[in-house]
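Undergrad: Not my notes, these are from TrEMBL:
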type	residues	note
TRANSMEM	27-45	transmembrane segment
TRANSMEM	57-78	transmembrane segment
TRANSMEM	90-111	transmembrane segment
TRANSMEM	117-137	transmembrane segment
TRANSMEM	144-163	transmembrane segment
TRANSMEM	169-190	transmembrane segment
DOMAIN	237-369	domain 'GGDEF'
Amino acid sequence: MMRKHASIPAEWWADFLLNQYSRSRRLGYLLSGVVLVLLPVFTILDATLVSYSNGELIWKHILLRLPAAILATTFLLLHHKKSPDFWAYPLLLTLNLSIVGMMAAMFVLHYSEQGGHLLYITQGLTLAIIAVATATVYGVRDLVLIYGLPFMAVIAFIVFSGSPVPDNPIHLIFIPAAMGIGLVIATMLYQEHRRTFIASQQLEHSALTDALTGLPNRRSMQTHLQAEWSRAKRDEQCFAVLMADLDHFKAVNDQHGHEVGDEVLTILASRFTTTLRGGDRVARWGGEEFLLLIPNATVESAMAVAEKVRRVVAEPTFATSAGHLAVTLSLGVALHRQTESIDEVISRADKALYRAKLEGRNRAVLADR
Ligand SMILES: Nc1nc2c(ncn2[C@@H]2O[C@H](COP(=O)(O)OP(=O)(O)OP(=O)(O)O)[C@@H](O)[C@H]2O)c(=O)[nH]1
């Protein structure tokens, strides 16, 4: 039995697919180069090593190799264009299918030829290399297609053609042996690739997530702010920044301990996430301070979000291990001006938050425009 795949969480599948596309592109690029070098070499080797009984045979060989050569050239040309990667895997698959098909056809052509066994060996080994290249991208699944069809065709030919057995049939064993080795190596490399992908995703996730609340952290929010700032500039839209800070949180820590303080922060985070709409974002900006980003906002919509958040925090009370605690939140709301930087809009939201605290807390205050 094959080892079970390292499982990739559903939310990472899109990233994994993108990763596979770009891997296909890199592998396909390499493979196309190898193919374009090997095809002429094989043609010359065939012409010198195999005594053709028929002068037309060399042209048949060239014609059989043409589809693979065209596909490899197409791959190299597309690779050099600055385009997205989605074409790379289907093209890599087609290229490999054309190579394996070509080899199967040459096998059939040479099956009963004197001295043809040399070809069986080189063909078998080349198949193994191609198998590894392809299967490391998508696992062994697609090898069924790449190998299955040409392989069945070759078996059918051997069984039904009634051709005489070649002089050295023992060499035929190289083909399934090379395929088997290729399959094992490909599976191992594919598993390794999945594990590396998962590890790098976990690393990236933890670098962008606040460990206590599970919310995006400041670094993550800075990326979103930058993206929103660019979009707002391009589309001439406004976004709003809400700076939210728990009221008298020090007292919670002092009276009930840091652990209970942590519980309050975690409950607060879950209230944020259940209250905000899909496009809105929230991050833990620091300590007990949270930054909310509302895209495509007006003064009215931003204040409505701030008020809604304030209300869902104020009520109901927070169920902690120290009992039900009344918690409130103050917010500073700033609408981004077309001419100002991210730091400037955050600074205005901060000043509005400061005013909210001064004016008695548990309220949202709009920044000066
Ligand atoms: N439990 C816990 N406390 C934190 C964390 N981060 C910051 N704090 C605490 O948050 C408190 C913030 O205190 P202050 O800045 O005085 O603010 P405050 O008591 O909320 O008062 P106002 O903001 O003026 O309403 C400090 O006691 C910090 O130790 C954390 O991750 N966990």
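Please read every residue number as a count from 1 along the shown chain.
Cβ coordinates come from backbone N, Cα and C, glycine included.
Automated prediction, rather than curation, is the source of TrEMBL annotations.
Just tell me what is around each of these and how deep it sits.
TA: In terms of DSSP helix, strand and coil, the domain 'GGDEF' (237-369) has 59 helix, 35 strand, 39 coil.
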Undergrad: Do any residues of this chain, six or more beyond the ends of the transmembrane segment (144-163), have a C-beta under 8 angstroms from a C-beta of it, and if so which?
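TA: Beyond its ends, the transmembrane segment (144-163) has Cβ neighbours at 93, 96-97, 100-101, 103-104, 107-108, 111-112, 127, 130-131, 134, 179.
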Undergrad: Can you work out which residues elsewhere in the same chain, 6+ from the ends of the transmembrane segment (90-111), have a Cβ less than 8 Å from its Cβ atoms?
TA: 24, 27-28, 31-32, 35, 50, 57, 60-61, 64-65, 67-68, 71-72, 74-75, 78, 119-120, 123, 126-127, 130, 133-134, 137, 142, 145-147, 149-151, 153-154, 157-158, 161, 163, 166, 175
